[in-house]
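K.L.:
First the structure, then my questions, so here it is.
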Amino acid sequence: MASNNPAFGRPEFSNRGYAGRVQDLPDVSPDTLDQMYNRPAASSVETDRMTVEDTLAKTALAFVVLLAGAAVGWFVPQLMLPAVLVALVLGIVNAFKKIPSPALILGYAATQGIGVGAISRFFESAYAGAVVQALLATVIVIGVTLALFMNGKIRTSPKLNKIFFIGMISYAVFSLVNLGLGLFGVGGGFGLRTGFLGIVIGLIAIALATYSLVMDFEFIQQGVRNRAPRIYGWTGAYGVLVTVVWMYLELLRLVAIFRE
């Protein structure tokens, strides 16, 4: 029975397909075939499909914007509160958008960068060298995670995903409670995240962030494998950006606890 879908009337869905039109192709010389074979592979711009290289470029751009914002926040820490509020709104919007918006993602990177820069300056003034130590630790964790992922040593699983989401909900609830305690001066403004308990919570948060990074890598890998539209490279870039910032802040807090 013939399909009513007009798409199946296209040659590529026909049994004859392109074979029925081979006779219409002009004769091609061996030299021309050799030149066609030696041409470089089509880029993501030409195919409009997601590639690892294109996603890396988007991720790099997002981090450049983040670092630029961090420089502003470092020198003008007074901008931290409005920047963090704007970043929070943009983060919520980006999380619920079906089609990613490069402008909103870069806007998030800029405002989040201002907040990160201001926070980093605060910790650096209280614990000299803490920022460098946290940055180095972040790079090491990312490098090790990426190396293990590329070698197929670590992957997500349905069971681990359930544990991860339970952990994320628990961490979010604890963070809200701890924020309230910190505002009332408990733990010198750090709430319950001091001493041994602070170290345990910090290590759990870093483990969650590391698993989140693996999920980001898998999203990019599957997007490339399934030839997802190129625009979704921004989703991969956004996921990596959010995870890395979270990981850095957790490591920065952990360094501060150890320094005490």
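Here the Cβ of each residue, glycine as well, is placed from N, Cα and C on the backbone.
Automated prediction, rather than curation, is the source of TrEMBL annotations.
Take a look at what TrEMBL says about it:
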- 1-22: region 'Disordered' (REGION)
- 55-73: transmembrane segment (TRANSMEM)
- 79-96: transmembrane segment (TRANSMEM)
- 103-123: transmembrane segment (TRANSMEM)
- 129-151: transmembrane segment (TRANSMEM)
- 163-184: transmembrane segment (TRANSMEM)
- 196-219: transmembrane segment (TRANSMEM)
- 231-249: transmembrane segment (TRANSMEM)
K.L.:
Looking only at residues six or more beyond either end of the transmembrane segment (163-184), which have a C-beta under 8 A from one in the stretch?
P.N.:
190-193, 201, 204-205, 208, 211-212, 215
K.L.:
Determine which residues of the chain contact the transmembrane segment (103-123) at the Cβ level, with the cut-off under 8 Å and only residues 6 or more beyond its ends counted.
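P.N.:
Distal contacts: 61-63, 65-77, 79-80, 83-84, 86-87, 90-91, 93-94, 97, 130-131, 134, 234, 237-238, 241, 245, 248-249, 252, 255-256.
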K.L.:
Excluding the flanking five residues on each side, which residues at least 6 beyond the ends of the transmembrane segment (79-96) place their CB within less than 8 Å of a CB in that stretch?
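P.N.:
Contacts with the transmembrane segment (79-96): 69, 72-73, 104-105, 107-108, 111-112, 114-115, 118-119, 238, 242.
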